[in-house]
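What TrEMBL annotates here:
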{"type": "BINDING", "residues": "232, 244-248, 277, 280-287, 378-380", "note": "FAD binding site"}
{"type": "DOMAIN", "residues": "2-134", "note": "domain 'Photolyase/cryptochrome alpha/beta'"}
{"type": "SITE", "residues": "312", "note": "site 'Electron transfer via tryptophanyl radical'"}
{"type": "SITE", "residues": "365", "note": "site 'Electron transfer via tryptophanyl radical'"}
{"type": "SITE", "residues": "388", "note": "site 'Electron transfer via tryptophanyl radical'"}
């Protein structure tokens, strides 16, 4: 039997993990995780997200110990040092095959190409899997063999691939223990303990809102399926209602698989809420598909090149007021304050706040994209970039440039009683349900007046987009 190595990345779980299952089935297995604090900084990963990784690593180590698998932790500055590190580990542990689940952003793919090259030099086999997606992105193509640029035909083709996928539809195989108890190696170069990594300072409420571990993720999924998914279509856009799964952080860290989510929902496939939620999973899929086939979006570029000519305003003062929830538009401010206090924001409000920055204020969407990444526990490059480019009308299958959400109308429609606003803007709590969306003269002195008039902001954005297209 030859030693196997499973490299954990954004797949911090044992269940339904094809790379880990492949390693265990093939031979005696070691597992590694490589922390890259310098890379986290370059990628603007939020402290709350990094702490979530830390807590899930602790849980993963416990689960692996039950299977007689050692999780070896390493720390290097960035992706640049990983190929050399992997080379050393492969030799020191006498590894015959490396197993990992693919990641799709450009930096990660370049890193993996270099690692694959090191494996080739050492004649180490590679087994890699499309675990982060419901299906391999290279197979979902249009009739001419080109990648889709519009979501709806992509979703139709993806559904066909899903229905034909035995791996996705079948229940994950039961995981057996390591075939033999491998000797714990003496400390390797760059090997560290989880506690010795330079993690950000944690806040107690983070663990309260986002408990770590596969069990917590599975419990959250089960509760959503049992109690909320049937009304998901009707309730999902209401930010004051606990109507969404709030599994995004677990999916981003790979604590639960998209396939597990799909299978759980499929049991209730005749429910319109299930169809709507699965459609959201397909949007998640579509944005990852986009970074694979159109990698220029990974380089701070708009998908639509003509939008590069939009005269974005780089107004730092207005941007800071948006960041801190001081725009004078209650729904926008409630969302931004939710982001700061919880490290998460309701999806409907994400669209409203993103469109307000990129259109009402005409501030470069990349500023907002970065701010979200710096604060979101579920900050995922593909989803965050895709969402921002959709709102800013610069992305693949984006909202048309003339779609500009009126934040007051959105507030009255989706938070009619003002409960969401009151949760995050206490200075407006005493206003009536009718006044809270647009305080006007009843605005308390400690709440700002609107940063920009809606009609003026809309007209300015329309003019800027029209001029850039001419």
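Just so it is clear, glycine is given a Cβ too, placed from its N, Cα and C backbone atoms.
Locations of recorded TrEMBL features on the structure.
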residue	record	DSSP (3 states)
232	FAD binding site	helix
246	FAD binding site	coil
277	FAD binding site	helix
282	FAD binding site	helix
312	site 'Electron transfer via tryptophanyl radical'	coil
365	site 'Electron transfer via tryptophanyl radical'	helix
378	FAD binding site	coil
388	site 'Electron transfer via tryptophanyl radical'	helix
Same-chain residues at least 6 apart in sequence whose Cβ lies under 8 Å from residue 365 (site 'Electron transfer via tryptophanyl radical'): 312, 354, 357, 358, 388, 389, 391, 392, 394
For residue 232 (FAD binding site), nearby residues of its own chain (Cβ under 8 Å, 6 or more apart in sequence): 243, 244, 273, 274, 276, 277
Among 282, 378, 388, which are recorded positions, the residue with the most C-beta atoms within 10 angstroms of its C-beta: 388
Sparsest-packed among the recorded positions, when each Cβ's other Cβ atoms within 10 Å are tallied, from 277, 312: 312
Which of 246, 285, the listed binding-site residues, has fewest other Cβ atoms within 10 Å: 246
Average model confidence [pLDDT] within the domain 'Photolyase/cryptochrome alpha/beta' (2-134): 96
The domain 'Photolyase/cryptochrome alpha/beta' (2-134): DSSP-derived helix, strand, coil residue counts: 65 helix, 30 strand, 38 coil
